[in-house]
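This report concerns only the one structure given below.
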Amino acid sequence: MAKISTQYSHPTRTHPSVRTMDRDLDCIENGLSRTHLPCEETSSELQEGIAMETRGLAESRQSSFTSQGPTRLSRLIISLRAWSARHLHQEDQRPDSFLERFRGAELQEVSSRESHVQFNVGSQEPPDRGRSAWPLARNNTNTCNNSEKDDKAKKEEKEKKEEKKENPKKEEKKKDSVVMDPSSNMYYHWLTVIAVPVFYNWCLLVCRACFDELQSEHLMLWLVLDYSADILYGMDMLVRARTGFLEQGLMVMDASRLWKHYTQTLHFKLDVLSLVPTDLAYFKLGMNYPELRFNRLLKLARLFEFFDRTETRTNYPNMFRIGNLVLYILIIIHWNACIYFAISKFIGFGTDSWVYPNVSNPEYGRLSRKYIYSLYWSTLTLTTIGETPPPVKDEEYLFVVIDFLVGVLIFATIVGNVGSMISNMNASRAEFQAKIDSIKQYMQFRKVTKDLETRVIRWFDYLWANKKTVDEKEVLKSLPDKLKAEIAINVHLDTLRKVRIFQDCEAGLLVELVLKLRPAVFSPGDYICKKGDIGREMYIIKEGKLAVVAEDGITQFVVLGDGSYFGEISILNIKGSKSGNRRTANIRSIGYSDLFCLSKDDLMEALTEYPEAKKALEEKGRQILMKDNLIDEELAKAGADPKDIEEKVEHLETSLDSLQTRFARLLAEYNATQMKVKQRLSQLESQVKMGLPPDGDAPQTEASQP
């Protein structure tokens with residue numbers, strides 16, 4: 001009976017004890033063998049011995065402790081040497097966190113066992129008396145049992161690290177969200193808010209400074225409004241400091257850079273000056289001096305910015321420009337009226353005929369009369385329409401001269417701006433009317449019938465009434481191709497998807513076709529196509545009613561409405577079609593109809609880049625013809641159409657002619673250049689033989705001089 005020196009008493013079982021120890025050694029060896037072995041050369045002899053012994057054991061099939069003991073011990077020594085060498089010369093490497101995300105449960109369990117085996121083998125704990133004589137096997141058994149707990153702890157640590165990595169990103173996003181985009185709706189709404197206190201200060205500060213009753217009778221109201229405006233001014237500085245700007249096409253979102261950029265602009269200086277607390281002088285001078293707050297007028301740029309943004313956003317820019325111009329004129333007249341009343345107060349009311357009448361008169365002592373009289377005088381002076389009392393003193397003459405100059409500028413501005421606005425508003429109508437006039441003259445010159453002339457004029461009236469006179473290509477030509485494509489997709493893509501043969505096409509082909517759709521408008525009674533005509537276009541009905549009629553043009557078979565389409569088979573040029581590319585029906589417009597047209601040439605040009613889509617479209621068209629029994633199978637299998645071959649040959653001949661022409665031109669240029677080079681070489685040879693310098697370097701002799 002095999003005995004093991006341990007302090008515990010065990011039953012006399014030989015094979016189970018050997019198996020358990022073998023299993024423990026396997027756990028250790030499997031764990032340590034997964035590590036890198038830098039000292040494999042030093043243990044090669046032991047490995048050879050182990051290999052010989054394992055071969056003998058495999059043949060004999062013996063599993064006793066006496067026969068396998070040396071082999072197990074040798075393996076254990078090799079594993080310990082490899083581990084100690086790696087531990088001394090190489091640091092522990094943490095597995096890649098990115099790869100750990102893709103590990104399965106088995107790989108994670110194996111890796112956890114590795115780490116625990118290495119840890120327990122490397123620990124130099126003194127053996128206890130109550131423990132087994134195989135501490136390594138005991139340690140390995142314990143680590144295998146505790147692997148799940150360690151895996152959970154590792155997962156928790158990884159989650160914490162990932163959260164720490166994600167938290168800065170979230171904080172950066174929060175910081176970026178505070179930055180305001182100057183092209184966003186939020187920024188425009190803030191401009192609307194800040195424009196109110198700016199407009200309030202520009203209109204009422206000067207009025208309160210000139211008319212004392214207005215300031216004294218509503219003092220609390222003005223204090224509330226003034227300091228509310230100051231709060232908005234302060235908030236506007238914060239908004240400006242957090243407003244992004246473009247740098248190399250990208251929006252700058254860094255708060256420190258935004259603040260530095262803002263402090264370097266003129267707006268920052270004006271904003272600071274507009275918030276200087278000059279109204280603290282109220283405590284010394286009194287509350288009836290609102291002119292102390294005139295520094296709040298430095299915020300005028302915000303009002304102009306609001307007007308500019310509104311002009312670009314509104315759908316009626318011409319009307320907005322006219323209203324904006326009238327507002328500027330009213331503000332100038334308002335300021336001029338207040339200054340006139342202030343000058344009259346400085347000179348003395350009623351001292352002469354030019355100043356404001358004496359306020360001792362109850363009729364002229366009212367606040368409303370004071371302002372209206374001053375406004376009336378200012379309007380007459382600036383518009384130079386009516387007559388006003390002549391000035392008497394030098395100060396009055398100087399003020400009137402300045403008013404006349406300002407009035408002339410205002411009058412010129414009004415005439416110029418209003419004239420240009422009206423011309424811009426009527427530009428489209430004038431251009432459209434010019435087209436009608438030219439067509440009328442042509443029809444009169446060619447003596448067109450009255451019926452046809454009436455139809456033409458009605459067609460033009462329909463276009464103008466329904467705002468369909470806009471040339472889309474002319475309007476969109478200034479846009480880049482990307483924006484053109486997006487507008488066309490937004491307008492026409494849903495319409496094109498209704499066509500049966502285009503429903504499963506790839507998006508790139510649909511975009512190409514959308515850009516090639518052309519609008520077409522037909523009058524009542526117009527034939528879109530007739531039976532037997534060559535089909536060069538397909539049509540999609542956007543709005544209106546079309547009728548499939550008989551040869552007489554009256555009998556209606558089918559009425560086509562919005563979203564219907566026809567002619568899609570004829571532009572595909574499918575082989576074996578019984579009708580060829582001919583129209584098979586008469587289609588007539590019942591009323592005014594708006595259609596989209598796609599030509600055969602445009603379709604084929606788009607399909608050159610999509611050969612697979614071309615095959616798919618032809619197959620769909622062939623299936624449609626087969627359902628309607630409109631395809632000849634023999635012709636379809638016969639091969640290429642002779643007409644197509646003739647067209648290709650003609651195209652090749654044309655290309656060959658153009659290439660020959662280009663080659664002849666290039667050959668002539670080459671011969672001419674070669675001739676010039678030969679002449680130049682001959683001249684140089686003759687000069688060298690005669691011993692003369694080249695022409696450009698020949699000195700002028702006295703004989704050559706005049």
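Each residue's number is its place along the chain shown, starting with 1.
Just so you know, glycine gets a Cβ as well, placed from its N, Cα and C.
Listed features, source Swiss-Prot:
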- 645-688: coiled coil (COILED)
- Asn358: N-linked glycosylation site (CARBOHYD)
- 113-177: region 'Disordered' (REGION)
- 317-425: region 'Ion conduction pathway' (REGION)
- 384-387: region 'Selectivity filter' (REGION)
- 427-504: region 'C-linker' (REGION)
- 507-627: region 'Cyclic nucleotide-binding domain' (REGION)
- 685-706: region 'Disordered' (REGION)
- Phe411: site 'Central gate' (SITE)
- Val415: site 'Central gate' (SITE)
- 1-189: topological domain 'Cytoplasmic' (TOPO_DOM)
- 239-265: topological domain 'Cytoplasmic' (TOPO_DOM)
- 308-317: topological domain 'Cytoplasmic' (TOPO_DOM)
- 423-706: topological domain 'Cytoplasmic' (TOPO_DOM)
| In Å, rounded, how far does the Cα of Asn358 (N-linked glycosylation site) sit from the Cα of Phe411 (site 'Central gate')? | 32
| Chain residues outside the topological domain 'Cytoplasmic' (308-317) and at least six past its termini with a C-beta under 8 angstroms from it | 188, 191, 324
| Mapped DSSP class for Val415 (site 'Central gate'), helix or strand or coil | helix
| remark: If you rank the recorded sites Phe411, Val415 by how many other Cβ atoms lie within 10 Å of their Cβ, the lowest count goes to Val415
| request: Quick one: average pLDDT across the region 'C-linker' (427-504), no decimals. | output: 83
| field | Intrachain residues whose Cβ lies under 8 Å of the topological domain 'Cytoplasmic' (239-265), provided they are six or more past its termini | value | 175-176, 178-182, 187, 190, 194, 271
| query | Helix, strand or coil: which one is Asn358 (N-linked glycosylation site) in, per DSSP? | reply | coil
| If you count Cβ atoms within 10 Å of the Cβ of Asn358 (N-linked glycosylation site), leaving out that atom itself, what do you get? | 12
